[in-house]
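S.K.: Take this structure first; my questions come after.
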Amino acid sequence: MGKGGALSEGVLKNIILSYTYVAIWIFLSFTVIIYNKYILDRKMYNWPYPISLTMIHMGFCSSLAYILVSILKVVEPVQMTRDVYITSVVPIGLLYSLSLWLSNSAYIYLSVSFIQMLKALMPVAVYSIGVLLKKESFKAKTMTNMLSISAGVAVAAYGEAQFNAWGVTLQLGAVAFEATRLVLIQILLSSKGITFNPITSLYYVSPCCLVFLSVPWMIVEYPVLSEASSFHFDYLVFGTNSFCAFALNLAVFLLVGKTSALTMNVAGVVKDWLLIAFSWSVIKDTVTPINLLGYAIAFLGVAYYNHAKLQALKAREAERKLDNEAARLLDESKVDNATKKNESGS
(Lines of atoms letter the chains of each structure in order from A and count residues from 1; the text may use other names and numbers.)
(Lines give C-alpha, C1' and ligand atoms only; values in the text may rest on other atoms or scores of the structure.)
Protein backbone atom coordinates (compact mmCIF):
# COMPACT_ATOMS: atom_id res chain seq x y z
CA MET A 1 0.00 0.00 0.00
CA GLY A 2 1.31 3.49 -0.92
CA LYS A 3 1.96 6.45 1.27
CA GLY A 4 -1.59 7.71 0.89
CA GLY A 5 -2.96 4.39 2.13
CA ALA A 6 -0.54 4.34 5.07
CA LEU A 7 -1.54 7.88 5.96
CA SER A 8 -5.21 6.93 5.80
CA GLU A 9 -4.60 3.97 8.09
CA GLY A 10 -2.73 6.20 10.56
CA VAL A 11 -5.50 8.80 10.59
CA LEU A 12 -8.14 6.10 10.96
CA LYS A 13 -6.20 4.56 13.86
CA ASN A 14 -5.99 7.94 15.63
CA ILE A 15 -9.70 8.54 15.13
CA ILE A 16 -10.57 5.10 16.53
CA LEU A 17 -8.27 5.64 19.53
CA SER A 18 -9.74 9.07 20.22
CA TYR A 19 -13.30 7.72 20.18
CA THR A 20 -12.17 4.82 22.37
CA TYR A 21 -10.76 7.21 24.98
CA VAL A 22 -13.96 9.27 24.84
CA ALA A 23 -16.10 6.14 25.26
CA ILE A 24 -14.01 4.91 28.23
CA TRP A 25 -14.23 8.31 29.95
CA ILE A 26 -17.99 8.59 29.38
CA PHE A 27 -18.53 5.04 30.68
CA LEU A 28 -16.45 5.55 33.82
CA SER A 29 -17.84 9.00 34.59
CA PHE A 30 -21.36 7.65 34.07
CA THR A 31 -20.59 4.64 36.28
CA VAL A 32 -19.12 6.68 39.16
CA ILE A 33 -22.09 9.06 39.24
CA ILE A 34 -24.70 6.28 39.16
CA TYR A 35 -22.70 4.17 41.65
CA ASN A 36 -22.44 7.08 44.12
CA LYS A 37 -26.16 7.74 43.76
CA TYR A 38 -26.87 4.04 44.39
CA ILE A 39 -24.78 3.96 47.59
CA LEU A 40 -25.99 7.25 49.07
CA ASP A 41 -29.69 7.18 48.13
CA ARG A 42 -31.94 6.10 51.01
CA LYS A 43 -34.19 4.19 48.58
CA MET A 44 -31.32 2.12 47.15
CA TYR A 45 -28.24 0.91 49.08
CA ASN A 46 -29.19 3.33 51.87
CA TRP A 47 -25.77 4.40 53.13
CA PRO A 48 -26.24 8.20 53.43
CA TYR A 49 -22.75 9.08 54.62
CA PRO A 50 -21.20 11.30 51.92
CA ILE A 51 -18.16 12.34 53.98
CA SER A 52 -17.30 8.70 54.70
CA LEU A 53 -17.72 7.74 51.04
CA THR A 54 -15.52 10.63 49.92
CA MET A 55 -12.85 9.69 52.49
CA ILE A 56 -12.87 6.09 51.26
CA HIS A 57 -12.31 7.40 47.71
CA MET A 58 -9.50 9.71 48.82
CA GLY A 59 -7.77 7.00 50.87
CA PHE A 60 -7.96 4.53 48.00
CA CYS A 61 -6.80 7.07 45.39
CA SER A 62 -3.96 8.32 47.62
CA SER A 63 -2.66 4.78 48.08
CA LEU A 64 -2.76 3.88 44.38
CA ALA A 65 -1.31 7.24 43.34
CA TYR A 66 1.59 6.71 45.80
CA ILE A 67 2.27 3.27 44.28
CA LEU A 68 2.21 4.66 40.71
CA VAL A 69 4.38 7.71 41.46
CA SER A 70 6.79 6.62 44.21
CA ILE A 71 7.14 2.86 43.67
CA LEU A 72 6.34 2.02 40.03
CA LYS A 73 7.42 5.50 38.85
CA VAL A 74 4.82 5.54 36.07
CA VAL A 75 4.87 9.35 36.20
CA GLU A 76 7.44 11.75 37.64
CA PRO A 77 6.59 13.66 40.83
CA VAL A 78 6.36 17.45 40.61
CA GLN A 79 9.29 19.35 42.09
CA MET A 80 8.14 21.89 44.68
CA THR A 81 9.19 23.26 48.05
CA ARG A 82 7.30 22.73 51.29
CA ASP A 83 6.25 26.40 51.30
CA VAL A 84 4.77 26.08 47.81
CA TYR A 85 2.93 22.93 48.86
CA ILE A 86 1.44 24.58 51.96
CA THR A 87 0.50 27.88 50.30
CA SER A 88 -0.64 26.52 46.92
CA VAL A 89 -1.62 22.85 47.07
CA VAL A 90 -3.21 22.76 50.53
CA PRO A 91 -5.83 25.49 49.77
CA ILE A 92 -6.75 23.64 46.57
CA GLY A 93 -7.09 20.42 48.58
CA LEU A 94 -9.42 22.18 51.02
CA LEU A 95 -11.66 23.45 48.21
CA TYR A 96 -11.65 20.04 46.50
CA SER A 97 -12.67 18.27 49.71
CA LEU A 98 -15.56 20.70 50.23
CA SER A 99 -16.67 20.34 46.61
CA LEU A 100 -16.68 16.53 46.79
CA TRP A 101 -18.41 16.49 50.17
CA LEU A 102 -21.26 18.76 49.06
CA SER A 103 -21.68 17.20 45.60
CA ASN A 104 -21.91 13.69 47.08
CA SER A 105 -24.35 14.97 49.72
CA ALA A 106 -26.64 16.31 46.98
CA TYR A 107 -27.25 12.73 45.71
CA ILE A 108 -29.24 12.05 48.88
CA TYR A 109 -31.77 14.78 48.07
CA LEU A 110 -31.81 15.28 44.28
CA SER A 111 -32.25 13.14 41.18
CA VAL A 112 -29.26 12.40 38.96
CA SER A 113 -30.88 14.22 36.05
CA PHE A 114 -31.49 17.43 38.01
CA ILE A 115 -27.95 17.40 39.43
CA GLN A 116 -26.55 17.27 35.88
CA MET A 117 -28.72 20.24 34.96
CA LEU A 118 -27.42 22.24 37.94
CA LYS A 119 -23.84 21.39 36.97
CA ALA A 120 -24.40 23.36 33.76
CA LEU A 121 -23.77 26.44 35.95
CA MET A 122 -20.07 25.57 36.21
CA PRO A 123 -18.93 27.92 33.38
CA VAL A 124 -20.97 30.71 34.99
CA ALA A 125 -19.30 30.17 38.36
CA VAL A 126 -15.79 29.86 36.88
CA TYR A 127 -16.18 33.04 34.82
CA SER A 128 -17.75 35.04 37.65
CA ILE A 129 -15.09 34.02 40.18
CA GLY A 130 -12.39 34.62 37.58
CA VAL A 131 -13.67 38.20 37.13
CA LEU A 132 -13.84 38.74 40.92
CA LEU A 133 -10.26 37.51 41.37
CA LYS A 134 -9.13 39.52 38.29
CA LYS A 135 -8.14 36.40 36.39
CA GLU A 136 -10.77 37.08 33.71
CA SER A 137 -11.69 40.41 32.15
CA PHE A 138 -15.34 41.44 32.26
CA LYS A 139 -17.02 41.28 28.84
CA ALA A 140 -20.66 42.18 28.37
CA LYS A 141 -21.07 39.58 25.61
CA THR A 142 -19.69 36.79 27.79
CA MET A 143 -21.78 37.86 30.78
CA THR A 144 -24.92 37.84 28.59
CA ASN A 145 -24.06 34.26 27.66
CA MET A 146 -23.60 33.42 31.35
CA LEU A 147 -27.03 34.91 32.12
CA SER A 148 -28.60 32.75 29.39
CA ILE A 149 -27.09 29.62 30.97
CA SER A 150 -28.36 30.73 34.39
CA ALA A 151 -31.82 31.39 32.97
CA GLY A 152 -31.90 27.90 31.45
CA VAL A 153 -30.97 26.29 34.77
CA ALA A 154 -33.61 28.42 36.54
CA VAL A 155 -36.26 27.15 34.10
CA ALA A 156 -35.08 23.56 34.69
CA ALA A 157 -35.32 24.11 38.46
CA TYR A 158 -38.82 25.56 38.07
CA GLY A 159 -39.90 22.42 36.23
CA GLU A 160 -38.26 19.99 38.68
CA ALA A 161 -40.88 17.62 40.07
CA GLN A 162 -38.76 16.56 43.08
CA PHE A 163 -37.31 19.95 43.99
CA ASN A 164 -35.47 20.03 47.31
CA ALA A 165 -34.11 23.39 48.46
CA TRP A 166 -31.43 21.88 50.72
CA GLY A 167 -30.22 19.58 47.94
CA VAL A 168 -30.02 22.51 45.51
CA THR A 169 -28.08 24.53 48.10
CA LEU A 170 -25.60 21.66 48.51
CA GLN A 171 -25.08 21.26 44.76
CA LEU A 172 -24.71 25.00 44.16
CA GLY A 173 -22.18 25.12 47.01
CA ALA A 174 -20.27 22.27 45.36
CA VAL A 175 -20.24 24.17 42.05
CA ALA A 176 -19.00 27.33 43.79
CA PHE A 177 -16.16 25.51 45.59
CA GLU A 178 -15.14 23.61 42.45
CA ALA A 179 -15.15 26.79 40.34
CA THR A 180 -13.00 28.57 42.96
CA ARG A 181 -10.61 25.60 42.95
CA LEU A 182 -10.25 25.75 39.16
CA VAL A 183 -9.51 29.48 39.22
CA LEU A 184 -7.04 29.11 42.10
CA ILE A 185 -5.20 26.38 40.19
CA GLN A 186 -4.43 29.03 37.57
CA ILE A 187 -3.45 31.62 40.18
CA LEU A 188 -1.52 29.45 42.65
CA LEU A 189 -0.05 26.73 40.44
CA SER A 190 -0.06 27.56 36.72
CA SER A 191 1.40 31.03 37.34
CA LYS A 192 4.35 29.33 39.07
CA GLY A 193 4.87 26.86 36.24
CA ILE A 194 3.49 23.94 38.27
CA THR A 195 1.22 21.55 36.39
CA PHE A 196 -0.47 18.40 37.64
CA ASN A 197 -1.83 15.53 35.60
CA PRO A 198 -4.69 13.54 37.20
CA ILE A 199 -2.27 11.03 38.78
CA THR A 200 0.08 13.58 40.36
CA SER A 201 -2.97 15.62 41.34
CA LEU A 202 -4.26 12.65 43.35
CA TYR A 203 -0.76 12.06 44.74
CA TYR A 204 -0.49 15.57 46.19
CA VAL A 205 -4.12 16.63 46.74
CA SER A 206 -5.88 13.47 47.98
CA PRO A 207 -3.98 13.28 51.30
CA CYS A 208 -4.97 16.92 51.98
CA CYS A 209 -8.60 16.08 51.28
CA LEU A 210 -8.42 13.10 53.62
CA VAL A 211 -7.08 15.26 56.45
CA PHE A 212 -9.60 18.07 55.91
CA LEU A 213 -12.58 15.70 55.64
CA SER A 214 -11.62 13.89 58.85
CA VAL A 215 -12.65 16.98 60.88
CA PRO A 216 -16.34 17.13 59.83
CA TRP A 217 -16.42 13.32 59.71
CA MET A 218 -15.50 13.07 63.40
CA ILE A 219 -18.25 15.56 64.27
CA VAL A 220 -21.04 14.62 61.85
CA GLU A 221 -20.78 10.98 60.76
CA TYR A 222 -18.49 9.07 63.11
CA PRO A 223 -20.89 9.26 66.11
CA VAL A 224 -23.75 7.91 63.96
CA LEU A 225 -21.64 5.15 62.39
CA SER A 226 -20.23 4.07 65.75
CA GLU A 227 -23.75 3.57 67.05
CA ALA A 228 -24.86 1.62 63.98
CA SER A 229 -23.66 -1.76 65.23
CA SER A 230 -25.37 -3.52 62.32
CA PHE A 231 -23.06 -1.90 59.75
CA HIS A 232 -20.35 -4.06 58.20
CA PHE A 233 -17.94 -2.65 55.65
CA ASP A 234 -18.85 -4.05 52.23
CA TYR A 235 -15.47 -4.51 50.57
CA LEU A 236 -17.00 -5.46 47.21
CA VAL A 237 -19.26 -2.39 46.93
CA PHE A 238 -16.84 0.19 48.31
CA GLY A 239 -13.80 -1.42 46.69
CA THR A 240 -15.30 -1.45 43.20
CA ASN A 241 -16.76 2.04 43.73
CA SER A 242 -13.35 3.43 44.74
CA PHE A 243 -11.62 1.62 41.88
CA CYS A 244 -14.07 3.19 39.41
CA ALA A 245 -13.32 6.63 40.91
CA PHE A 246 -9.58 6.08 40.48
CA ALA A 247 -9.99 4.64 36.97
CA LEU A 248 -11.96 7.75 36.04
CA ASN A 249 -8.92 9.90 36.89
CA LEU A 250 -6.74 7.68 34.70
CA ALA A 251 -9.30 8.05 31.90
CA VAL A 252 -9.11 11.84 32.24
CA PHE A 253 -5.31 11.53 31.97
CA LEU A 254 -5.66 9.52 28.75
CA LEU A 255 -8.45 11.62 27.24
CA VAL A 256 -6.83 15.03 27.77
CA GLY A 257 -3.34 13.72 27.00
CA LYS A 258 -4.34 12.04 23.73
CA THR A 259 -7.03 14.46 22.57
CA SER A 260 -7.75 17.82 24.27
CA ALA A 261 -9.63 19.43 27.15
CA LEU A 262 -12.22 20.67 24.65
CA THR A 263 -12.89 17.06 23.58
CA MET A 264 -13.59 16.23 27.23
CA ASN A 265 -16.03 19.18 27.45
CA VAL A 266 -17.91 17.92 24.38
CA ALA A 267 -17.85 14.35 25.74
CA GLY A 268 -19.19 15.76 29.03
CA VAL A 269 -22.25 17.13 27.25
CA VAL A 270 -22.92 13.70 25.70
CA LYS A 271 -22.50 12.09 29.14
CA ASP A 272 -24.95 14.54 30.72
CA TRP A 273 -27.69 13.75 28.19
CA LEU A 274 -27.06 10.01 28.64
CA LEU A 275 -27.36 10.40 32.42
CA ILE A 276 -30.61 12.31 32.07
CA ALA A 277 -31.98 9.57 29.79
CA PHE A 278 -30.79 6.84 32.17
CA SER A 279 -32.20 8.65 35.20
CA TRP A 280 -35.58 8.90 33.51
CA SER A 281 -35.76 5.44 31.93
CA VAL A 282 -34.02 3.18 34.48
CA ILE A 283 -34.03 4.94 37.86
CA LYS A 284 -37.53 6.26 37.02
CA ASP A 285 -36.76 9.84 38.06
CA THR A 286 -39.37 12.29 36.83
CA VAL A 287 -38.06 14.47 33.99
CA THR A 288 -40.60 17.08 32.89
CA PRO A 289 -40.78 18.93 29.54
CA ILE A 290 -39.94 22.16 31.40
CA ASN A 291 -36.84 20.41 32.82
CA LEU A 292 -35.70 19.54 29.32
CA LEU A 293 -36.51 22.99 27.92
CA GLY A 294 -34.49 24.67 30.65
CA TYR A 295 -31.54 22.33 30.22
CA ALA A 296 -31.66 22.76 26.43
CA ILE A 297 -31.36 26.56 26.90
CA ALA A 298 -28.45 26.08 29.32
CA PHE A 299 -26.88 23.52 26.97
CA LEU A 300 -26.94 25.96 24.05
CA GLY A 301 -25.33 28.60 26.25
CA VAL A 302 -22.57 26.22 27.35
CA ALA A 303 -22.03 25.07 23.74
CA TYR A 304 -21.65 28.70 22.61
CA TYR A 305 -19.25 29.38 25.49
CA ASN A 306 -17.07 26.41 24.51
CA HIS A 307 -17.19 27.52 20.85
CA ALA A 308 -16.08 31.05 21.82
CA LYS A 309 -13.23 29.63 23.92
CA LEU A 310 -12.11 27.46 20.99
CA GLN A 311 -12.13 30.43 18.60
CA ALA A 312 -10.12 32.52 21.09
CA LEU A 313 -7.64 29.66 21.48
CA LYS A 314 -7.26 29.36 17.71
CA ALA A 315 -6.73 33.13 17.42
CA ARG A 316 -4.01 33.07 20.10
CA GLU A 317 -2.35 30.08 18.41
CA ALA A 318 -2.40 31.85 15.02
CA GLU A 319 -0.94 34.99 16.61
CA ARG A 320 1.80 32.96 18.26
CA LYS A 321 2.69 31.32 14.95
CA LEU A 322 2.86 34.74 13.25
CA ASP A 323 5.14 36.03 16.00
CA ASN A 324 7.40 32.97 15.64
CA GLU A 325 7.47 33.35 11.86
CA ALA A 326 8.31 37.07 12.16
CA ALA A 327 11.12 36.27 14.60
CA ARG A 328 12.47 33.59 12.25
CA LEU A 329 12.45 35.97 9.26
CA LEU A 330 14.16 38.65 11.36
CA ASP A 331 16.90 36.20 12.39
CA GLU A 332 17.37 35.13 8.75
CA SER A 333 17.60 38.77 7.71
CA LYS A 334 20.27 39.43 10.34
CA VAL A 335 22.25 36.38 9.16
CA ASP A 336 22.00 37.51 5.51
CA ASN A 337 23.16 41.04 6.40
CA ALA A 338 26.07 39.68 8.42
CA THR A 339 27.05 37.40 5.52
CA LYS A 340 26.95 40.27 3.03
CA LYS A 341 29.13 42.43 5.30
CA ASN A 342 31.68 39.65 5.61
CA GLU A 343 31.71 39.16 1.85
CA SER A 344 32.14 42.88 1.16
CA GLY A 345 34.89 43.11 3.78
CA SER A 346 36.83 40.30 2.21
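Yeah, the Cβs are placed from backbone N, Cα and C, and that goes for glycine too.
Quick caveat, the model's predicted, so the values are computed rather than measured.
Got these off TrEMBL a minute ago, pasting:
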type: TRANSMEM; residues: 12-35; note: transmembrane segment
type: DOMAIN; residues: 20-306; note: domain 'Sugar phosphate transporter'
type: TRANSMEM; residues: 47-72; note: transmembrane segment
type: TRANSMEM; residues: 84-102; note: transmembrane segment
type: TRANSMEM; residues: 108-130; note: transmembrane segment
type: TRANSMEM; residues: 165-189; note: transmembrane segment
type: TRANSMEM; residues: 201-220; note: transmembrane segment
type: TRANSMEM; residues: 235-255; note: transmembrane segment
type: TRANSMEM; residues: 262-283; note: transmembrane segment
type: TRANSMEM; residues: 289-306; note: transmembrane segment
S.K.: Rank 12-35, 84-102, 108-130, 235-255, 262-283 by Cβ pairs under 8 Å to the transmembrane segment (289-306) and hand me the top one.
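M.R.: Result: 108-130.
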S.K.: Please work out whether the transmembrane segment (12-35) lies in contact with the transmembrane segment (84-102), by counting C-beta pairs under 8 angstroms that are 6 or more apart in sequence and asking whether there are at least 3.
M.R.: no
S.K.: The transmembrane segment (235-255) vs the transmembrane segment (165-189): three or more C-beta pairs under 8 Å (separation of 6 or more)?
M.R.: no
S.K.: Six or more residues beyond either end and a Cβ under 8 Å away: which residues meet both conditions relative to the transmembrane segment (165-189)?
M.R.: 87-89, 91-92, 95-96, 98-103, 105-106, 108-110, 115, 118-119, 121-122, 125-126, 128-130, 133, 135, 157, 195-196
S.K.: Of the listed stretches (47-72, 84-102, 108-130, 262-283), which one yields the highest count of Cβ-Cβ distances below 8 Å with the transmembrane segment (201-220)?
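M.R.: Maximum Cβ contact count belongs to 47-72.
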S.K.: Average pLDDT across the domain 'Sugar phosphate transporter' (20-306)?
M.R.: 89
